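Below is one structure, written out as structure tokens, with a few remarks after it.
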Amino acid sequence: MVSLKAGSRPPWVGLGAAVWVEIAAGSAYTFPLYSSSLKSVLGFNQQQLTILGVANDIGENVGILPGIACNKFPPWAVLLVGVFASFLGYGVLYLAVSQTVQSLPYWVLWIALCVATNSSAWLGTAVLVTNMRNFPLSRGTVAGLLKGYIGLSAAVYTEVYSMVLNGSASKLLLLLTLGIPIICLAMMYFIRPCTPASGEDSSEHAHFLFTQGTSLSLGIYLLTTIILKDVLSLGNTISYIFVAIMVILLMAPLAIPLKMTLFPANHKKPSQTDLLGGDGGLTQTDPLLTPSSSAAYLGSFYESEDITEVDILLAVGEGAVKKKKKPRRGEDFKFREAIVKADFWLLWIVYFLGVGSGVTVLNNLAQIGVSHGVNDTTILLSLFSFSNFLGRLGAGIASEYLVRSKMIPRTFWMTVTQIIMILTFLLYASSLSGTLYAATALLGVCFGVQFGIMIPTTSELFGLRHFGLIYNFMQLGNPVGALLFSGWLAGHVYDTEAAKQQVSSCMGPNCFRFTFLVLAGVCGLGTFLSIILTIRIRPVYQMLYAGGSFRLPTSSNH
């Protein structure tokens with residue numbers, strides 16, 4: 001079998017392919033585009049709709065199974081599960097909204113939406129874990145970039161929805177049913193683990209700057225063209241040209257491996273030391289996460305599933321092996337070791353409070369717009385999507401700069417953004433004229449930062465070996481927040497106010513005012529806890545980034 005060597009093109013080919021998979025994995029963000037059709041065609045009230053929104057978030061973020069699977073199976077197998085989930089889930093939703101099959105029970109639609117959006121967890125886990133291990137020295141940049149694209153996916157889908165599908169919810173669901181499997185099957189071969197470079201490389205920094213620049217250009221382009229489509233009457237030809245240019249911009253990251261092929265660098269052959277296992281490289285069929293090479297120090301004794309605790313104690317007593325020490329922060333943790341740490345739960349709660357409050361607005365964005373007199377909410381959704389993308393991308397860039405130059409923990413940015421979120425929710429609650437779009441843009445940026453910070457912070461505190469499982473457990477903060485703040489709080493407040501007005505669609509600032517005030521208090525608590533977390537983990541970052549760049553802990557090779 002062919003090994004993939006350090007410094008070769010496959011990592012960049014895989015990153016380019018991952019961009020497309022992440023766009024496909026962002027299908028959960030399309031819920032506001034077809035939620036109104038679900039409500040009108042199937043006759044749901046707002047609380048029923050918000051509970052479907054919770055199903056949307058549960059499916060997207062419950063990734064415990066993908067986290068376990070990525071330790072045992074190669075990326076293509078994990079991606080394949082996501083392909084089947086998207087086809088089945090969105091297929092059922094398409095049949096319901098198009099009324100091809102009528103009178104489907106509410107619980108069937110709820111499960112179908114869970115299954116459909118759970119494809120995002122499988123697809124996202126496969127590409128994120130693979131690429132973070134392929135670029136371990138640039139994990140903040142990689143996390144921000146890939147999560148940035150998944151945040152930008154809502155604008156990509158909105159562009160296609162408004163310019164090609166003419167605003168048809170049933171056609172959008174058909175696109176999701178067929179398009180996601182086609183994209184992922186086409187990209188599956190290129191997403192595979194390989195041996196990362198053994199040290200810092202100036203060309204890698206330039207390549208990441210190029211990729212970040214093209215992603216930013218794509219975001220600006222999408223926002224501009226969607227606004228033009230809304231303001232001007234564009235013909236089909238112009239619309240199709242806009243979409244074609246969007247596809248070209250999505251292919252831009254592939255220019256890096258193309259450049260490396262046409263203009264290969266003349267440098268000395270890198271060391272053959274394999275950071276992932278010492279065998280010169282990973283094969284295409286290896287699982288996403290392989291055992292740490294610390295096994296060479298401890299012997300294969302601990303890796304055997306058949307050895308009992310008594311055998312281990314006897315061997316330790318006889319001096320046959322050294323007793324295994326518990327990992328320190330910054331080293332590889334098993335899930336059961338990480339879950340008993342205070343920093344683990346502080347990070348989880350801060351993330352839960354930040355994304356839970358943000359996703360409440362996202363799930364109800366269409367109804368928030370209508371209550372403020374904005375009937376066409378595509379621009380509002382595109383603005384949130386672009387701002388979400390900026391937050392995710394910017395979090396990777398800004399936090400990477402501060403940890404390398406000042407050794408300030410990444411969670412500092414969670415503190416800053418949750419302070420801004422307090423002000424943003426108060427701005428929403430005030431309902432001042434002309435503030436809706438500004439508040440949505442601010443919230444989108446702050447919401448995106450929570451993702452862009454949580455992911456690399458998790459890998460730095462608890463290692464990459466079991467990153468897939470630990471990261472996906474962290475992600476549970478999103479659906480739990482959606483259930484509490486969106487499903488129970490926002491849905492109940494909205495329906496109560498609509499009942500007072502004796503209408504089905506609530507109008508005016510009181511539809512969500514109490515919800516926004518509660519969310520401001522939630523972010524106040526998040527700010528306080530994130531300050532505590534930042535102070536606690538400062539010594540970890542001083543150890544990891546003491547030389548101005550990331551250093552792999554000596555006892556925990558990646």
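Start at 1 and count along the chain as shown; that gives each residue its number.
Including glycine, each Cβ sits where the backbone N, Cα and C put it.
Because the structure is a prediction, the values reported are computed rather than measured.
Lifted from TrEMBL, the feature list:
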DOMAIN    11-258  domain 'Nodulin-like'
DOMAIN    340-541  domain 'NFD4 C-terminal'
TRANSMEM  12-34  transmembrane segment
TRANSMEM  76-97  transmembrane segment
TRANSMEM  104-129  transmembrane segment
TRANSMEM  141-160  transmembrane segment
TRANSMEM  172-191  transmembrane segment
TRANSMEM  238-258  transmembrane segment
TRANSMEM  344-366  transmembrane segment
TRANSMEM  378-399  transmembrane segment
TRANSMEM  411-430  transmembrane segment
TRANSMEM  436-455  transmembrane segment
TRANSMEM  476-494  transmembrane segment
TRANSMEM  514-535  transmembrane segment
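Counting only same-chain residues 6+ beyond the ends of the transmembrane segment (344-366), those with a CB under 8 A from a CB of the stretch are 29, 31-32, 35-36, 50, 53-54, 56-57, 338, 377, 380-381, 384, 411, 414, 417-418, 421, 425, 428, 440, 443, 446-447, 450-451, 454, 457-458, 461-462, 470, 473-474, 476-478, 480-482, 484-486, 489-490, 494, 512, 515, 519, 522-523, 525-526, 529-530, 532-533, 536. The stretch with the most CB contacts under 8 Å to the transmembrane segment (104-129), chosen from 12-34, 141-160, 238-258, 436-455, is 12-34. Residues 46-47, 49-51, 53-54, 56-58, 60-62, 64, 348-349, 351-353, 355-357, 359-360, 363-364, 367, 506, 511-512, 514-515, 518-519, 522 of the same chain sit 6 or more residues outside the transmembrane segment (476-494) yet have a Cβ under 8 Å from a Cβ within it.
Of the candidate ranges 12-34, 141-160, 436-455, 514-535, 12-34 contributes the most Cβ pairs within a distance under 8 Å of the transmembrane segment (238-258). Remote same-chain partners of the transmembrane segment (436-455), defined as residues 6 or more beyond its termini with a Cβ less than 8 Å from a stretch Cβ, comprise 128, 132, 143-144, 147-148, 151, 347, 351, 354-355, 358-359, 361-362, 365, 368-369, 372, 374, 379-380, 383-396, 399, 410-411, 413-414, 417-418, 420-421, 423-425, 427-428, 471, 474. Through the fold, the transmembrane segment (141-160) approaches residues 15, 18-19, 22-27, 29-30, 33, 120, 124, 127-128, 131-132, 135, 172, 175, 208, 211-212, 215, 218-219, 222-223, 225-226, 242-243, 246, 250, 378, 381-382, 384-386, 388-397, 399-400, 448, 451-452, 455-456, 459 of its own chain, all at least 6 residues removed from its boundaries and within a Cβ separation under 8 Å. Below 8 angstroms of C-beta separation, residues 343, 346-347, 349-350, 353-354, 356-357, 360-361, 408-409, 411-412, 414-415, 418-419, 421-422, 425-426, 428-429, 485, 489-490, 493-494 of the same chain, each at least six residues beyond the ends of the transmembrane segment (514-535), sit close to that stretch. Note on the transmembrane segment (172-191): residues 10, 13-14, 16-18, 20-21, 23-24, 27, 30, 33-34, 75-76, 79-80, 82-84, 86-87, 90-91, 93-94, 97-98, 116, 119, 123, 126-127, 130, 157, 160-161, 165 of its chain, located 6 or more positions outside it, place their CB under 8 angstroms from a CB of the stretch.
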